[in-house]
Amino acid sequence: MGGGGMRKAPSMEWRWVSTEEDDEGEEDGDTVEAAAAAVGAVGRGGSFGSEEEEDEEDGGGGGEGEGEGEDGEKQKLIRTVPSVDWFDVEGYEVSVAQHIEDSEEFDFGRTMFLALQTLAVVFGDIGISPLYTFDVMFSKYPILGEEDVLGALSLVLYTLISMPLVKYVLVVLWANDDGEGGIFALYSLICRNAKVSLIPNQVHSEKRMSSFRLKLPTPELERSIKVKEKLESSLLLKKLLLGLVLFGTAMFISNGVITPAMSVLSAVSGLKVGIPNASQGLVVMISVVLLVILYSVQRYATSKMGFALGPSLLIWFCCLGGIGIYNLSTYGPAAFKAFNPLYIIYYFGRNPFQAWLSLAGCLLCATGSEAIFANLSYFPVRYVQSMFALLVLPCLVLAYLGQGAFLIANQNSSEQIFFSSIPSGVFWPVFLIANLAALIASRTMTTAIFQCLKQSIALGCFPRLKIIHTSRKFMAKIYIPVVNWFLLFSCLGFILLFRSIYDVGNAYAIAELGVMIMATVYVTIIMLLIWETSIVKVLSFVITFLSLELVFFSSSLSSVGDGGWALIIFASGILMVMFIWNYGSKLKYDSEVKKKLSKDLMRKLGPNLGTIRAPGLGLVYSEIVKGVPAIFGHFLIALPAIHSIIVFVCIRNVPVPVVPQTERFLFQRVCTRGYHMFRCIARYGYKDKNQESQSTFERLLIEGLEKFIQREAVELSLQSGDDIDSDEEPPTPSRTIVAPNGSLYSLDVPLLADFVPSAEVIPEASCSTPQHDPVVDYTQNLELELAFIRQAKQSGAVYLIDNPIVKARKNSWFFKKLIINYFFAFLRNNCRRAMMSMSIPHTNVMQVRLTSYV
């Protein structure tokens, strides 16, 4: 290779075409590809390699693959190169993504630290399930004999093995989005590999970021390409995918409300075993107090107190395993018969209807499976898998086997089974540890909800909220105050409404299954689209787990009247908020795109824009990535002067976890050079910290703008005769006037004459088309424009922000008016704006509120 750090210029996309069609366009395609590679190499200032070298980078398999179409005609898999514009050239400058390799040098101290943290953050929820699983299960299926206990125990064991272990730990964890887990991470991973997002929040050059991983061409791509084309061409499928992820998120948030209520209430209920006269009212009151304390210290628990939770969970899992071993040794090993799956058949054969009803309680042994995936951002996949297989799963199996042995010997005990099976000598220590574990489990789900909501906010599916990063070292540790208190009041509402673990358990199963079903659907799509898994494995996965989950879900829905109705209402409210925000945001975005100022209007106004250009930097915030926003026309009319340099800033949350700071900004010229107007896209991933402070943002933006102009000058000096206008405008003739003192002034470069050192400077250098010596012209013009930017920087920056009042058109249908004029308006007025997160001084902000009809 020629230049160090050089990369392949274009991002190749692949499609199948017939051999005849490919032969006709082969020559043109090769020309376009070569030109694009040359432009990319020049834009980077490096050399570009030979055709053989590029083939090696593509995987050594060449640029084409052959196959047969449905009608038997031969087809070829060819590369299609996107058109190159200035955003693409800027986007080639990517750094190598830094990832923690699993094969790095072993460090025992770090390994133990991560192991303990994994217990506290990832497995807290599933570790508390032995407190209530059999209680809820046998409330629907009374124990009549040993076979009933063995059948229920066998059902629990195989559910525990199939759902958390096989599905989540062995399969779903690998569907993470660069280390991020959760239902929205699955959706964003699909959006990055297929254009299925309904809000176009991704410019083409975002695929050049180092966080994006493009797959090499293989013969197995055919099925993946067909799936991609189907998803991208069907509006119904796009809406369905979005609807499913919103539904899954609503269920996950509901799960996060139910988990603290169920965990703490079931742990405190053990008080009635230690103190037989304790009333249910006392249990509820203590539960409420513990939850208030938990959520009050949640902000600190996320960063500081979390280090003490790992050892506490380790002690808890040891207690589960130890109590299980004690019960097996005390009451006999008969519970090991439950590993025979025939007892499940006997269980359903004795009483089919009640066995079907008890499935909802059986699923509670797998609660917390989604939390394992959602909290993945804290740890490597291998650590999570190892901890579950070596510690968590064995301790849970021993706990359930011990409870089964206890029930076989005490068939009349169907309430508080876990606490009743504890040896009397260690009851109170275990009771205290159980309550601490329940609080940790509640914290686990709360932190998972914080991560999920941050991802949904970044992808435009939830109103913007204040997010606080509680750790300087770990970016994933966040705290959302509004959500924290909302979860507290919702959780208290469920406890005070139902007051027992049985009704809360019915709602718990519905929420957990809703998330599981959505995860199965999205992982299946990822298998087909991204992993390119064989169809046999895909069908085995989706048929096995989707059928099991639908059977469990049917059982859970049968108990809607016993507590599930409250969760359905709660989840519907969350879903409605997300739908309204996404629907209103899309209508607003479409309206802004339609109202863009035309290029013809900008040409007619000329470089002075029909007004006076005063020294300074004007940052016009807009949500569109192409064209001139309509609000800029209002500023031109309403203001007596406009800034000498205008930058249209668009803050974009792209569907990747982290955007390196070197790739944060993309720049592009708007109109010709004389207008001094630029477009800037500031890109942030959903794992990135909130936008920088105002001073840091301005500094990074100006530095990026200067680098863009310098790179542009080098590019144009090597491509003399080409028009630099990124919007493909025709060149504007140079217009000059002679001042009384003899100095030359160019009407195409407002205010630039102050920097002309002498009349010898060629005024044509300001035009988009070089006339004579391009090297000299561009060199002088570069120095002139950089000095111009420095003077604008010294004059200060002003943020021109449009905060429109969005309303539905008068001829809109009633429900649209209700949604947009009232609900969406309420959400917009009570959420944070992207630019406001930088704490811009009021003296630097000019905000306009116009009515925008959608």
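Positions of Cβ are set from backbone N, Cα and C atoms, glycine also.
Under the heading compositional bias 'Acidic residues', TrEMBL lists 19-31 (among others).
Among the features that TrEMBL reports, compositional bias 'Low complexity' is placed at 32-41.
According to TrEMBL, the compositional bias 'Acidic residues' annotation covers 50-71 (among others).
What TrEMBL records for 114-599 is domain 'K+ potassium transporter integral membrane'.
As annotated by TrEMBL, domain 'K+ potassium transporter C-terminal' applies to 615-848.
Annotated region 'Disordered' per TrEMBL: 1-75, in sequence order.
For 113-132 (among others), the entry in TrEMBL reads transmembrane segment. Counting same-chain residues at least six beyond the ends of the transmembrane segment (113-132), those with a Cβ under 8 angstroms from any Cβ of the stretch are 164, 259, 262-263, 266-267, 270, 306-307, 309-314, 316-317, 320, 364-369, 371-372, 375-376, 378-380, 383-384, 387-388, 391-392, 395-396, 399-400, 403, 418, 434, 437-438, 440-441, 443-445, 447, 501, 505.
Feature annotation from TrEMBL assigns transmembrane segment to 152-175 (among others). Outside the transmembrane segment (152-175) by six or more residues, the chain places 126, 133-134, 137-138, 141, 181, 185-186, 189, 335, 338-341, 343-344, 347, 358-359, 362-363, 365-366, 368-370, 372-373, 376, 381, 384-385, 388-389, 393, 396-397, 400-401, 403-404, 516, 519-520, 522-523, 526, 541, 544-545, 548 with a CB less than 8 A from a CB of the stretch.
Residues of the same chain lying 6 or more positions beyond the ends of the transmembrane segment (240-258) and with a Cβ under 8 Å from any Cβ of it are 182-184, 186-187, 190, 196-198, 231, 367, 370, 374, 445-446, 448-449, 452-453, 456, 461-462, 487, 490-491, 494, 504, 507-508, 510-512, 514-515, 517-519, 521-522, 525, 567, 570-572, 574-575, 578-579, 582. Annotated transmembrane segment per TrEMBL: 240-258 (among others), in sequence order.
According to TrEMBL, the transmembrane segment annotation covers 278-295 (among others).
Within its own chain, the transmembrane segment (307-326) has Cβ neighbours under 8 Å at 115-121, 123-124, 127, 130, 301, 391-392, 394-403, 421-423, 430, 433-434, 436-437, 440, 443, counting only residues six or more beyond its boundaries. Among the features that TrEMBL reports, transmembrane segment is placed at 307-326 (among others).
Annotation source TrEMBL lists transmembrane segment at 355-376 (among others).
The transmembrane segment annotation in TrEMBL covers 388-409 (among others).
Marked as transmembrane segment by TrEMBL: 478-502 (among others).
As annotated by TrEMBL, transmembrane segment applies to 508-531 (among others).
What TrEMBL records for 538-557 (among others) is transmembrane segment. Nonlocal intrachain contacts for the transmembrane segment (538-557), taken as residues 6+ away from its ends with a CB within less than 8 angstroms of a stretch CB, comprise 162-163, 167, 171, 356-360, 362-363, 506, 509-510, 513-514, 516-517, 520-521, 523-524, 527-528, 564.
Touching of the transmembrane segment (563-584) and the transmembrane segment (478-502) is concluded from the presence of at least three CB pairs under 8 A, sequence neighbours closer than 6 excluded. When averaged over the domain 'K+ potassium transporter C-terminal' (615-848), pLDDT in the model lands at 70.
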